[in-house]
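Visitor: Take this structure first; my questions come after.
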């Protein structure tokens, strides 16, 4: 089954019931049903930047075209003659001059920012605040299924304690959870640190072909995406692992944030235990306090 969306003037629509064996005419009929644009005047584009597909052969199969699960098809109505193959925005000239940029997509700081961010990039830029509970449960299931790999030495608590802990909505995700999600999605997850301006690449040696990026300021995670400024073209959140340009652009964004002091030094920031009101300094003291007392609800002072 192909998981596709189409974007037209009347909004973005989920396209269901199509597979790689579906023919072009089935695709066009589905688009007409969702957008109201007649089959014979549809201009269908895919990719980033988007380029037009030659879909004149209605009996051809979708597997013969560069259409893959997760894609968003851009659909316009052709008025007279065919337009240039790359025309995602209305410009004064015939050439496409807009340069894609990498940006941070801010998500809420609600203890579940890691899970929200990973879901956002893996779903192609779909924000779903309700996903965190499901992802926490998924991680707990994976950990519980392999107590040897996920031992107390790895988790910092027993396997059973960890599974109970990660399901709570007041706990934070970190490197362990990113590693688990990388394996689950079969995707390299790159975390760009704004304090050190480095990239931690989870799944780097696993041979994955896909890459997604998060930015991390010492406490909070946000997803990174590539967008065309001033355009309605959907953001790109999944990249090839051979695309090192995107890593360089992400590091530039992190360096800019560092110069603006947009990070939290987790070794020196002031915290307070919200259970017993004990004052603490830095991540190390917070972890030790949690280990001694079982308290895990901290607030920044």
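Heads up, the Cβ atoms here are built off N, Cα and C, so glycines get one too.
Just lifted these from Swiss-Prot, have a look:
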REGION    5-83  region 'UBX-like'
DOMAIN    102-227  domain 'OTU'
REGION    107-113  region 'Cys-loop'
ACT_SITE  110  active site
ACT_SITE  113  active site, nucleophile
REGION    166-176  region 'Variable-loop'
REGION    216-220  region 'His-loop'
BINDING   219  substrate binding site
ACT_SITE  220  active site
REGION    244-249  region 'S2 site'
ZN_FING   271-295  zinc finger
ACT_SITE  295  active site
Visitor: To the nearest Å, how far is the Cα of residue 219 (substrate binding site) from the Cα of residue 113 (active site, nucleophile)?
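Guide: Here the two Cα atoms lie 9 Å apart.
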Visitor: How many Å lie between the Cα of residue 110 (active site) and the Cα of residue 220 (active site)?
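Guide: That comes out at 9 Å between the alpha carbons.
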Visitor: Counting all other Cβ atoms within 10 Å across every protein chain shown, which of the recorded positions 110, 219, 220 scores highest?
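Guide: By the 10 Å Cβ neighbour count, 220 comes out on top.
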Visitor: Would you count the other C-beta atoms found within 10 angstroms of the C-beta of the residue listed as 'active site, nucleophile' for me?
Guide: 22
Visitor: Measuring Cα to Cα, tell me the gap between residue 113 (active site, nucleophile) and residue 220 (active site) in whole angstrom.
Guide: 7
Visitor: Please report the three-state DSSP label of residue 113 (active site, nucleophile).
Guide: helix
